[in-house]
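First the structure, in the form of structure tokens, and then the observations on it.
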Amino acid sequence: MTDMASLMEDRAAAKVISDNLHKPVDWDSPKIARNIKKRYAAERRFKFYGLSAIGIALLALFVLAGSIGSKGYSAFFQTYVQLEVTFDAAEIDPDGTGDPAVIGKANFDGLIKQALRDRFPEVTSRQAKRDLYGIVSGGASYDLRERVMENPGLIGQTRKVWLISGDDFDMLNKGYISADVDEGSRRLNDEEIAWYDSLKSDGAVEKHFHTRFFTNGDSREPELAGIWGAAVGSLYTLMVTLALSFPIGVFAAVYLEEFAPKNRFTTIVEVNINNLAAVPSIVFGLLGLEVYLNVMHLPRSAPVVGGLTLALMTLPTIIIASRAAIKAVPPSIRQAALGLGASPVQTVTHHVLPLAMPGILTGTIIGMAQALGETAPLLMIGMVAFIVDIPGGALDPATVLPVQIYLWADSPERAFVEKTSAAIMVLLAFLVLMNGFAVYLRKKFERKW
Amino acid sequence: MSLSFLLLAVAALCALSFYFGRQRAIALSGGRYSNLHSLPAHYGMYVALWCGLPALLLVIVWHVFQGSIIEAMIISDLPAEITGDTGKLSLALNSISLIAAGNGQHLSVSPEIIDAGRRLASLQTIANAALVVVMLAVATTGIALSYRKIDPDMRARNNVERISRWIMITCSAIAILSTVGIVFSLMFEAIHFFSKVSPLEFLFGLEWSPQTAIRADQVASDGAFGAIPLFVGTLLITLIAMAVAVPVGLFSAIYMGEYASSKFRAVAKPALEILAGVPTVVYGFFAALTVAPFLRDNGAILGLDVSSESALAAGLVMGVMIIPFVSSLSDDVMSQVPQSLRDGSYGLGATKSETIRHVIFPAALPGIVGAVLLAVSRAIGETMIVVMAAGLAANMTVNPLQAVTTVTVQIVTLLVGDQEFDSAKTLSAFALGLVLFLVTLGLNVFALKVVQKYREKYD
């Protein structure tokens, strides 16, 4: 019954179509013109959507770069305060021994405080004095000591010295703390701002290039905190990662591409590699925590453990890139080598691998760049500790650049915002360099067979 | 010194044995290499492999087991009142390792612990020294045995090639090993967890507050391990991310593939790829310090109460991160649609956009679905953005303006800092990890299947 009904319907539809087919279409009719106009408008709209999608993505990129740059550029400069410091012989070296051990133990902090009190003699109350000492950073006394150790002739003299300022004072000088805000809701009170104005009008406040940011380890004081410790930690971690994942990755790729028979084992390996490439990075962190720390008892927070964890993560990237590079070497090369009597292993090591090497290296560098930017798995294995010392080896506790960024981003001090952004700029600079090198390699050695 | 020094020593021994093996082969050949079965270098390599491989294996195995064996020895010497209580034991082990490292001066601990610390230090020294001795013994035995075997008729090349083949197979097996390692380490701790908390409560419970009392007399909540709020939060943020990434990614792919001039593509494509290369911690910082305050301030102008750790901020930024992922995958898929389909459509008078909407897109749809699923699995597993920009409180809400928490955020907060591997709180992170692993794995396998099936259709 339903068949019959649908057949009737089809017949009716066919009749309509055939009736219309006999009528010639009037291409100049206003109806067609309207229709074409509509379709062209839809076309333009569609094209505009596509363009604006790319625009949105690029806009996001610019906003990201702009916000990091505008927040961070000021961290490369640091406020210094000029004070007249009296290198009092009675304080530094009372017996006139000139012995560095005696000088090293002297109370340079006291000298700076004395200099501050001399500069602002009107400050008397205990609280106000404490605020006053905040103008100069706690790290300034070490600088002063070094200066005197280098040049003992300073003892007994009075000199104008540039001293590194405290973080709040630095923020005020950089304009991040505004004097117009209500006193209760800013970090510095009116008195401190008056001191700043007074120093500023004397020309005793200047911004210098902040080399310490590149040479120091982490610190609780923003003005003393630097990225060198994290950079060295990243270096050790990446060295371990590279030392493991490059040979293992290349060997695996060569085997799978050149020697592996098509059997169950090979299929399982291939499925595993593809899946590992898509496992969330934090799961690798859990693996590292359980296997390397709980089972193998390797040291916590050490670059070795970080490197081992990241090596497993970068392995799929390297294997996939290496396989593609090996596959791109034309079979004629292999046939020629085999024809001249080379063994399969010799063919691969003497001919295929050297020809595939640029591609393999490109993939490796990209994998290393990923590892350099990775944070989450390293949080799991304890690389988030607060570490002041520069790590001296792959077994010392260390942190890495992205984790340092995470730690600073969590710090409440205003001055750490600019440090974080500056550290991000350094990290991005490394990534750009690595990726740029990969692109260069590809362009330089790319071969069209 | 220990590890890197050892590895350097192994490398030096290998170089030496290569040299001597080669010299020996040359000497045996009597000046005519054709008297040898293989090239002299093969004999050198043969000796070097026999020296290096066993030594290297020994160093690895030794380091895998040294820590746990020494710890077992230390524990067996501790008094029963410490070993009976896991909390006390981990504390004692901590101080013992501090003392052994020479940093325990300020600790006020019982003499047994100090003794144990000294013993640990001496055991470690002994173990390291023993390793050096055993390794040298193994390496020299390997050299001696293989050196004596050198003979003009020995098939050195075949031997070396067989060994290197096995090395390559082992390297390929590491991919399987790490999957097995992931599954086992997650399962092991998750089973511990499920012996304390029932799986049903974990999967279907509506309340998540993992802060349990560490001591019996402490005032704290009992700990609730219902993971539904975390799943809801994860899905909410993923949904927001997809709402950004799918349309933007798809339309950019369409424009790049179908409309853009090659000049435009040469500039815009790498620029989009930059978005994929930015580390996630940078996105997290951007979300927390730029996007979230921006949303909060503008929400206040509109009279909306936007939380400073809103799901919206984290989701939007995550969406931006995933745009290049979606766009490059769907670009691949759409470029595989055969040209004949396009030509047919143009021939019937369709405009470009009509061809894309009615021909290319439906033809590429399975592949695009696969790409989107891969992107979803990316978003679910993404950690740093949500750790920095989403909240910690497990609110059960679908309001994007409020703070929610996700599975990955909870894993990080539960495992960063002190860990006790006997409390449900720490173990729950592994249960969450297991769920995360299984879900992403399922999504990936399914998505790859879809994409593959689609590929076959047009190959």
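For all residues, glycine too, the Cβ spot is worked out from N, Cα and C.
Remember, TrEMBL labels are computer predictions, not curated facts.
Feature annotation from TrEMBL assigns transmembrane segment to A:48-68 (among others).
Outside the transmembrane segment (A:227-256) by six or more residues, the chain places 213-218, 266, 269-270, 273, 303-304, 306-308, 310-312, 314-315, 318-319, 322-323, 326, 348, 352-353, 360, 364, 367-368, 371-372, 378, 383, 387-391, 393-394, 398-401, 403-404, 423, 426 with a CB less than 8 A from a CB of the stretch. What TrEMBL records for A:227-256 (among others) is transmembrane segment.
TrEMBL lists A:231-438 with the feature domain 'ABC transmembrane type-1'.
Only residues 6 or more beyond the boundaries of the transmembrane segment (A:276-293), in the same chain, are considered here, and those with a CB under 8 A from a CB of the stretch are 300, 305-306, 308-310, 312-313, 315-317, 320, 374, 376-382. Feature annotation from TrEMBL assigns transmembrane segment to A:276-293 (among others).
Below 8 angstroms of C-beta separation, residues 236-241, 243-246, 248-250, 252-254, 256-258, 273-274, 276-277, 281, 284-285, 287-288, 292-293, 298-299, 352-353, 356-360, 362-364, 366-368, 370-371, 374, 377-378, 380-381, 383, 394, 398, 400 of the same chain, each at least six residues beyond the ends of the transmembrane segment (A:305-326), sit close to that stretch. The annotation transmembrane segment is assigned in TrEMBL to A:305-326 (among others).
For A:378-401 (among others), the entry in TrEMBL reads transmembrane segment.
What TrEMBL lists as transmembrane segment is A:421-441 (among others).
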Beyond the flanks of the transmembrane segment (A:48-68) by 6 or more, those residues with Cβ under 8 Å of it: 421, 424-425, 428
